[in-house]
Every structure is written in C-alpha cells, then in structure tokens.
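Q: The domain 'G-protein coupled receptors family 1 profile' annotation in TrEMBL covers 84-322. According to TrEMBL, the transmembrane segment annotation covers 70-95, 102-130, 136-159, 180-204, 224-250, 271-290, 302-324.
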C-alpha cells in the first residue's frame, strides 16, 4: 500500500510538470479535458466550433483502507495476551524450583498463548501495513494462528489429563510422571500443531477457489469443519475428565476427612473452580467452533468477528486460571516485584480442592 501511494504521487507530479513545459498536448491524455469554442479567425456568418483544451490539474484518487474497529480490538487483545504470557514465561524461566511436570505444561501453554497474541498483532500489521495480496503473507499469518491456538487447546487438555492422573494415581503419580515423559508429550503436541499450521502453505487453502473458503480465509470450508469437530471432541473429553476429577475429589474427601464442615467447604471450592474453568473454556471457544461448522465465506464478516474475539479472550484468561492462581508462581511474582512475600499468601501443597 505504501509503495502504491508513492507511485501515485510520482505520477501526479510528473503530469503536472509536463503541462508546464512546451511539449505538445497529447489528445489521448485523459488528464486533459476538451471543450467547444468559437474560432475568432473565421469571418463567415456561421461560427465554426473548434475543440480547445481546458487545462485542469489531473486528480488521482487514492483508496485508503479504513481500519476496522474489530481488527483494533483483536490487536489490543493480542497485545494483552502477549504481555501476560511473557510474564508467566519469565517467571518460570528465572525460577529454578519451578521445574515440575505441572509447571512445564503451564510454560508450554504460556508459549502457545504468547504466539497466539503475536499472531494477532502480525495479522493486523499484514492487513493494514503490508500488501495482503501476497500469498506468502496470508499463509504465514493464518499458519501461525492455527498452530498457536491449536497448541493452546491441546496444552489445556494435557493439563486436565495431568490433574486427573495426579488424583487417580496419587501414590504412583510422582514416580510415573517424570520430567522426561512430560517433555515428550509437549514435543508431540507442538509437532502436531505445527503440522496443522503448515497445511495451508502445503496447498490446503482456498486461494485458487474463493468459493471453497471458510469464514477464516484462506482456510477451506472442509478443513475448518474438521478443526471445529476436533475441538468439540477435545471439549467433550475435558468434560468427562473434569467429571471424573470431581468424583475422585468427593471420594477422597469422604475417606480422609475428619471435620465434615471443612470437607464440605474444601470440596465445594474445588468443584466450583473446575466449573469455572470448564465454563470459561466452553464460553470462549464453542461459539466459534459451532459457527465454523455452519457458516462459510458468504456469511457477513461481522458474525466471524463476533465469534473470533471471545475465542481469543480464552488466551487472556488462561494465565489467570493456570498460572497466577498457583501459590509458587505467586511467590515468585512477589519476590520479583518487591522482594518480599505477603504473610497471607498460602504456600501449602496443592490438594484435590485446588485443581
């Protein structure tokens, strides 16, 4: 766009200089308009009309792309996502004690959300500051977003599985869930998500046939439906796992508790936390997944924005749910900010009520 504006300005200045010079007028120059006038040299009774040029400055219309408020909202959301998750990554990286499998998964989730935020910012830059007609730019932007958001969803699923195993195999969990096994699982997640992100660049796009586009160009309708159905399966698996976690938490509470009032309060807190996590995840992603199945590129774009924006907000909520609520991460944040730990900060080990 910047290059086209510069070229238009150069053409305008060039035409102006040619009019001021002594070069003959070009009758095919569209910047010169012609009008009818009487020839004063003709002495006959009937006036003869001749064509004389009306020298008027040529005007060049330059189309300026209007910035959509929805794109501004997505860019602001991406900036907030990037700042939050960069803070989580910095805390995990500079705190040697946070190397347990649970923190590795939280760090992987933070990296995924950080890339998602950067993808939203780059998408805004590519749309308004770079020529978006270049296929490489479009494929790079959509590939980054697909990989990042897919990794975010799969890392949330991995954290859910980890919490389920920590309760189901409480006695053998710390021996079976080694750091090496967690790293292998994280590598598998990222390889799968990067493969999904490369599919549009490998030909799975609608750049050659616009009629096959989904609500998110250049992803095809079939690919968007496949991704949406996969997400629904992941969400159903998460619901089943959280239901099993609630059952195990209630059973453990009934077996080991002595004070019934404390058990009821503690277990109720755990169930409410699980419900909040699941409801937030579903409220963010379900509208976009369902709309991707039923809609295509012919639908109004405002509906796409209205479903994409809540989905991106899930990456804003993730650091709060999975990182900032953790007492160990809270302690590291307080130490980094003011060099002290508040007395009301609980440093007790996490139990089933904290999942």
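Glycine is no exception: its Cβ is also placed from the backbone N, Cα and C atoms.
Caution: TrEMBL annotation is automatic and unverified by curators.
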Q: Taking a Cβ cut-off under 8 Å, which residues six or more beyond the ends of the transmembrane segment (102-130) line up next to it in the same chain?
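A: Long-range Cβ neighbours of the transmembrane segment (102-130): 1-2, 65, 67, 71-72, 74-75, 77-86, 88-89, 92-93, 137-138, 140-141, 144-145, 147-149, 151-152, 155-156, 158-159, 162, 166, 179, 182-183, 186, 189-190, 193, 312, 315, 318-319, 322-323, 326, 328-329.
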Q: Do any residues of this chain, six or more beyond the ends of the transmembrane segment (136-159), have a C-beta under 8 angstroms from a C-beta of it, and if so which?
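A: 102, 105-106, 108-109, 111-113, 115-116, 118-120, 122-123, 126, 130, 185-186, 189-190, 192-194, 196-201, 205, 207, 216-219, 227, 231, 234, 237-238, 281, 285, 311, 314-315, 318, 322.
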Q: Same chain, outside the transmembrane segment (180-204) by at least 6, Cβ under 8 Å from its Cβ: which residues?
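A: Same-chain contacts beyond the ends: 101, 104-105, 108, 112, 139-140, 142-148, 150-151, 154-155, 158, 218-220, 223, 227.
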Q: What else in the chain is close to the transmembrane segment (70-95), if you only count residues 6 or more beyond its ends and a Cβ gap under 8 Å?
A: 103, 106-107, 110-111, 113-114, 116-121, 123-124, 127-128, 302, 305, 308-309, 312-313, 315-316, 318-320, 323-324, 328-329, 332-333, 336
